[in-house]
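Q: The signal peptide feature in TrEMBL is assigned to 1-20. What TrEMBL lists as transmembrane segment is 287-309, 352-376, 388-408, 429-449, 461-485, 511-537, 543-566, 578-602, 622-648.
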Amino acid sequence: MASFGIWVLTIFLVFQSGYGFYLPGSYPHKYKVGDPLSVKVNSLTSIDTEMPFSYYSLPFCKPAEGVKDSAENLGELLMGDRIENSPYRFKMYTNETLIFLCQSGKLSADEFKLLKERIDEMYQVNLILDNLPAIRYAVKEGFVSRWTGYPIGVKFQDMYYVFNHLKFKVLVHKYEETNVARVMGTGDAVDVFPSGGKGGSDVPGYMVVGFEVIPCSVMHNGNVVKDLKMYDKYPSEIKCDTTTVTVPIKEGEPIVFTYEVAFEESDIKWPSRWDAYLKMEGSKVHWFSILNSLMVITFLAGIVLVIFLRTVRRDLTRYEELDKEAQAQMNEELSGWKLVVGDVFRAPSHPALLCIMVGDGVQILGMGVVTILFAALGFMSPASRGTLITGMLFFYMILGIAAGYVAVRLWRTIGCGDHKGWASVAWKAACFFPGIAFLILTILNFLLWGSHSTGAIPFSLFVILLLLWFCISVPLTLVGGYFGAKAPHIEYPVRTNQIPREIPAQKYPSWLLVLGAGTLPFGTLFIELFFIMSSIWMGRVYYVFGFLLIVMVLLVVVCAEVSLVLTYMHLCVEDWKWWWKSFFASGSVAIYIFLYSVNYLIFDLKSLSGPVSATLYLGYSLFMVLAIMLATGTIGFLSSFWFVHYLFSSVKLD
């Protein structure tokens, strides 16, 4: 229990140090009127290429104090976020207009070409104020659409225009200060929790609850700005009209950047300030997905019920009511699954690989369930970029203990209690999935490095990931394997014959049925899969983790039921090689997910340009599909193993 408490404390400290979530009672940042507000910039992103680039890779204004990186967590780096300071400066509740920012140098041929490419590829500028991304509203035919960030520019009649004037609107909410001493207690509490003294509440404070941007293309007078310094007043009026563009970029000419900011008091309270970003349409579609899954589960549960109650129970009850002579006679007339009693627990081909895949599947499944549960409870808010990825990585490493334990205990069960080779199995379980993932990410990283994208994992981060793998995940997996070697193996209820029984010729290939079984688990998740794919590849924020948790639970149930039914069907036709088939009966859902990914690439990501972008997409999809195959296959195998063990432990056959 002491070690468990230490782990809980460690998890709490990790997340608390990253400010990964809002806890009830946590305090927002209060600004007084006139306090400075700093805007940060994130990587330039595009759904056209899926390759982020640094903001300062284009000829934008740089801050006077120089470009500085903000503190980033592991998840942010893996997602390609590069948050840096910007030259934009605001003062709380102080409206300002006609602010001159800078005039870029004359555009070189390379800069001009790069700007045109980024505009053609629909790259967006992402700004952040008080941890809120800039949001842009567009009204078209009475329909209001929301976008995070704003486009670099636009192409019109073979001319390229850069949005060089930004109109910011900052929504603020008055800070409602509470007297802590009065709330927490009386007497000595006044000394412990000071209320701020007299007049502490007289100075109004405000919280940032919204950050909107309107980009414009404005014609500036280059001669006028020659003597202006950053943040000086622009001498003439600037009209920001979103329906017109007036400043085409030309090679050899500079670009003048200006901005204005207006503050507006809002009724939005601080805990609700992310609502504008988290609005996901289609809640009815999510419920339809869940109802669809429930129908599949009910159908399969009915089949399982028939197997247990009508077939298995009936046979067992009838068998137990007979006397010994009748039982002996019945043994000679056995048919179906009872005929393979001497072979059903015969070791499968490649047993070590099966144990390793099941162990890794338990690790991935556990990581998925715990991460989604924490996210559904609100512990991984999108307000902290990268926390979800960081959490997944953390839980995956910790659950190495479960992977080693399950893999080694299954290995010993297949070997009828033999300890030999357990360390090798635990070591391979620690390296199998991470090794494949590392290979895929390395290949994709070389593509990103070649494109100079911020999505490329820095070499230093590669070293950190390797250290986390070999210094935390591998040792924990070996520790789990040690406990699995010490734990009693699962004893088979029946003896295995020395000579394997010949499997009768089948009317149809058994693997065809196994591959077809994956359609049922896919049917439970394909609707939710669309929303997940849209959030990953279309730049949308996914935050309906409550729905995802329900779908996850339903998927586990469907995978277990599908594999159980398929295993029973194979045993009934005297096919005792059920081990691998039970794994792939539910694991084959990964094939359909990959086909769906290809379909999504062709029909939904039509704008995805270039072989590098398509390769990145397919590489990441392959990585995701492999993880899903291991997780779902493990569910199917463990449920089938339990079913076969239960079925034959109830039969008294020699």
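Glycine residues also receive a Cβ, built from the backbone N, Cα and C atoms like all the rest.
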Q: Under 8 angstroms for C-beta pairs, at least 3 of them, ignoring pairs fewer than 6 apart in sequence. Is the transmembrane segment (287-309) in contact with the transmembrane segment (543-566) by that rule?
A: yes
Q: Are there three or more C-beta pairs under 8 angstroms joining the transmembrane segment (578-602) and the transmembrane segment (429-449), sequence spacing 6 or more?
A: no
Q: Against the transmembrane segment (461-485), which of these stretches has the most C-beta pairs under 8 Å: 352-376, 388-408, 511-537?
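A: Looking at each of 352-376, 388-408, 511-537 in turn, the most contacts to the transmembrane segment (461-485) are made by 388-408.
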Q: Among 352-376, 511-537, 543-566, 578-602, point out the range having the most Cβ pairs under 8 angstroms from the transmembrane segment (388-408).
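A: That would be 352-376.
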Q: For the transmembrane segment (543-566), could you work out the same-chain residues 6 or more beyond its ends whose Cβ comes under 8 Å from its Cβ atoms?
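A: The answer is 278, 280, 283, 286, 289-290, 293-294, 296-297, 300-301, 303-304, 307, 365, 368-369, 372-373, 375-376, 382, 513-514, 517, 520-521, 524-525, 528, 531-532, 581-583, 585-586, 589, 632, 635-637, 639-640, 643.
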